[in-house]
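Residues annotated as active site, proton acceptor in TrEMBL: GLU119. Annotation source TrEMBL lists substrate binding site at THR42, GLY43, SER44, THR45, ASP97, GLY98, ALA99, ASP100, LYS110, GLY111, GLY112, GLY113, LYS137.
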Amino acid sequence: MKFRCTVKERSLILNNNEQEKRSAGEKAVDFIKDGMTVGLGTGSTVYWLIQKLGKRVSEGLKVKCIPTSIHTERLAMNLEIPIVTFNEIDKIDIAIDGADEVDKDLNVIKGGGGALVREKIIAEFADQFIVIVDQKKLSEQLGKHFLPVEVTPFGWQATAKYIANLGCQVKLREEDEKIFVSDNDNYILDCYFEKIEDAAKLNEKIKMITGVVDTGLFIDMVDLCIVGKGSDTEIIKKQ
Ligand SMILES: O=C[C@H](O)[C@H](O)[C@H](O)COP(=O)(O)O
């Protein structure tokens, strides 16, 4: 028997979800200290982080932020959060970003918003990488969410076939009936696996394919995960 939500129940679920994103995003600001260079992630959870960070900056917090997307850069600039590029920094103290799925070992799938390459470059370079999520993103084993993979536009059809041979359905991402183009002028292939047995191995295999820029699998990169739980949060540290 199928369970159907009433409109009211559905809106309560959505609101709760948004509240959890907000709780996680706002809590993450506690980890940003005066003088830090901060990698700013992308997405609807990071939105809440940026709002609160903007407030702290207006109250006198001194930070430099490097955004993972043009969208985030605009949001931050509107709040007068100081923005820098890689030309102006030699380290990133902390990077904070959302995720589409997080497993018990804090391996994650990212890229639902198509920002995975810049996000990975910044997360890898940061001394500390924190992900912020609502409870729905937690999972025993990665694979509930499709896996975004950024590829070069040239020959994407061939790249897609090689990825499909690894055991998934591949869909070229579209937005408003047009091909979605990333901030790096590349395409995104959304890959639907029934199950991901070994995420690290899969990441390596996909990255070996010519034409792949990078995958949304962030393996062994997360130091800490902040999970929104209603208006509270739980902090999960890497074991
Ligand atoms: O490309 C987008 C990013 O990886 C996002 O951080 C991820 O999709 C999570 O986004 P949201 O917080 O909107 O669910």
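Note that Cβ sites are derived from N, Cα and C of the backbone, with glycine treated the same way.
According to DSSP, SER44 (substrate binding site) sits within a helical segment. Across THR42, GLY43, SER44, THR45, ASP97, GLY98, ALA99, ASP100, LYS110, GLY111, GLY112, GLY113, LYS137, which the record gives as binding substrate, the greatest C-alpha separation is 16 Å.
In sequence order, GLY41, VAL46, ALA115 are the same-chain residues whose CB sits within 8 A of the CB centroid of THR42, GLY43, SER44, THR45, ASP97, GLY98, ALA99, ASP100, LYS110, GLY111, GLY112, GLY113, LYS137, the residues recorded for substrate being left out. For THR42 (substrate binding site), applying a Cβ distance below 8 Å and a minimum sequence separation of six or more within one chain yields PRO67, THR68, SER69, HIS71, THR72, ASP97, GLY98, GLY113, ALA115, ARG118, GLU119. The Cβ neighbour count for LYS110 (substrate binding site), using a 10 Å radius and every protein chain shown, is 29. According to DSSP, ASP97 (substrate binding site) sits within a strand segment.
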